[in-house]
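A short write-up of the structure that comes next.
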Amino acid sequence: MTKYVFVTGGVVSSLGKGIAAASLAAILESRGLQVTLLKLDPYINVDPGTMSPFQHGEVFVTEDGAETDLDLGHYERFISARMRKVNNFTTGQIYESVLRKERRGDYLGKTVQVIPHITNEIQDFVARGAEAAWNGATDVAIVEIGGTVGDIESLPFLEAARQMSLRMGRNNAAFVHLTLVPYIASAGELKTKPTQHSVQKLREIGIYPNVLLCRADRRIPDDERAKISMFSNVPLDAVISVWDVDSIYKIPAMLHKQGVDNIVCEALGLTPPPADLSMWDNLVDALEHPQDSVTIGMVGKYVDLTESYKSLSEALVHAGIHTRSKVNIEYIDSEDIETRGTDQLKHLDAILVPGGFGKRGTEGKIAAIRYARENGVPYLGICLGMQLAVIEFARHVAGLGGANSTEFDPAAPHPVVALITEWMDREGRVERRDNSSDLGGTMRKGAQRCPIRPGTRAQSIYGDDVNERHRHRYEVNNVYVPRLEDAGMVISARTPTENLPEMMELPSHPWFVGVQFHPEFTSTPRDGHPLFSSYIRAALEHKAQRAKEA
């Protein structure tokens, strides 16, 4: 029988519940348990796919094509289990499901209410998500409840968790509450009152936390922990100090040293073997003792909110770990390049243009790509970054003046990137789309395996085929591929069914690669990722070459 750990948050949002949940999962996995994680989001959107990055941050795409919360990216980076659509659901999905049942008559004419119908549906979704992992043999499912205790939106989820723990009985559910202990500089002290009130609010609805994770910008002294313990009715050894660190990969060791996993295992009636966190210790050691460093320029339009590129930033960190180098990421606003030019790129060891949507800032990205191509700077283009690399090459090398994407200019004289109106989904069904189709359901999403052209850089990186995740509506237009290849571009991977370009490269350049997929979603600190490791090695070589020429 699967046991559950519910992770809640108090005082303020963005405290790092996802990191805390993933870190606990990593410790339990190191103790030999089969663990999965779920994220419950209280917003009414069906999924975050059409939400602004400024509102929600990154949209993480799972292997089965679900557009999910960025916390699922943390989950995959911390444990070995792969996340799926069932690992993340929202209030919108719950209500959508309940309303469908009501229309079908499943409730036999009863008045449909939040309790019991909505809360029962939440419990069914949670159980289904837990059973989907490990062929139904999940030992522990850690369930992160989004939002903050006291929010109206979170109440049905908290009530469902309370009911679930009651129904399952003793030693089958535990609660971990993450809260803020702010430091007031003018008073020179930490304040525990917000945490006390947060726990009181939780207890009012019938939830009594087994563990309190107290987040602060410094270690919380024992006397303050004792005060929190007394007023919150949580044992002192379960009041855990969680202070700011320079790497999220230090959190598992921090929690383990304070006995969090032992408290949770005791609450769940589990006696697994001791934890082995040597892998995490080695990762942290590699992070703290790099042998070299590189500076990567990430050119985008969401640079003021780096959460929009969370998986990508982490993938570069992973590549640094596996090349024993410190990767410094410099976020550059593409609109700034449009006004100030490319001189601000001269100090960079490599340039990267990530995925994105919309016309704003695209000419700045194209200027950065041209700078990388003409100056031999290693370049990696992801999704939109590949499409813009094709546009830049078409304009300035292949002689296709005015080349563009129909996303930005529907009347472009040379639409080298266009909306593909018909394609086959992962199940082999033919789907059609056009400019009037709903944004939430018209993208190519999820993992797809593609053969790689022999003798290419792509083959030296990936081998004979590549299996990566997608999230895009537009594709490189096959009509123009012969003209591009005649000018020196190589299409190094194509989809097996539609023959759509998946990877491009420039053999005449030291390292210039574009990919239509999102490799950042499959990078982990344990294994890194071959594409990003190759890219960072190229950046190190470029840096060394520039130093020789200086």
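Note: Cβ is positioned from N, Cα and C throughout, glycine not excepted.
Owing to the predicted nature of the structure, the values given are computational and were not obtained by experimental measurement.
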## Note on the structure
Cross-ref Swiss-Prot: CTP site ASP151, ILE152, GLU153, LYS191, THR192, LYS193, PRO194, THR195, GLN196, LYS227; candidate in list SER13, SER405, SER460, SER492 matching that site is SER13
### Task
Name the residue, out of GLY341, GLY356, GLY446, GLY528, that Swiss-Prot lists for the same L-glutamine site as LEU384, GLY385, MET386, GLN387, GLU407, ARG473, please.
GLY356
### One of ASP71, ASP106, ASP124, ASP139 listed by Swiss-Prot as binding ATP at the site of SER14, LEU15, GLY16, LYS17, GLY18, ILE19
ASP71
### Task
Name, in the order they occur in the sequence, the residues of the same chain whose CB lies under 8 A from the CB of LYS17 (ATP binding site) and which sit 6 or more residues away.
VAL7, THR8, GLY9, ASP71, GLU144, GLY146, LEU178
### Query
If the ATP site is taken as the center of the Cβ atoms of SER14, LEU15, GLY16, LYS17, GLY18, ILE19, ASP71, which further residues of that chain fall within 8 Å of it by their Cβ?
GLY9, ALA20, ALA21, HIS74, GLU144, LEU178
### Pairwise CA distance, GLY18 (ATP binding site) versus GLU520 (active site), rounded so that it is a whole Å
18
### Query
When a 10 Å sphere is centred on the Cβ of ILE19 (ATP binding site), how many other Cβ atoms does it contain?
19
### Query
On a count of neighbouring CB atoms within 10 A, which of the binding-site residues GLY16, GLY18 is highest?
GLY18
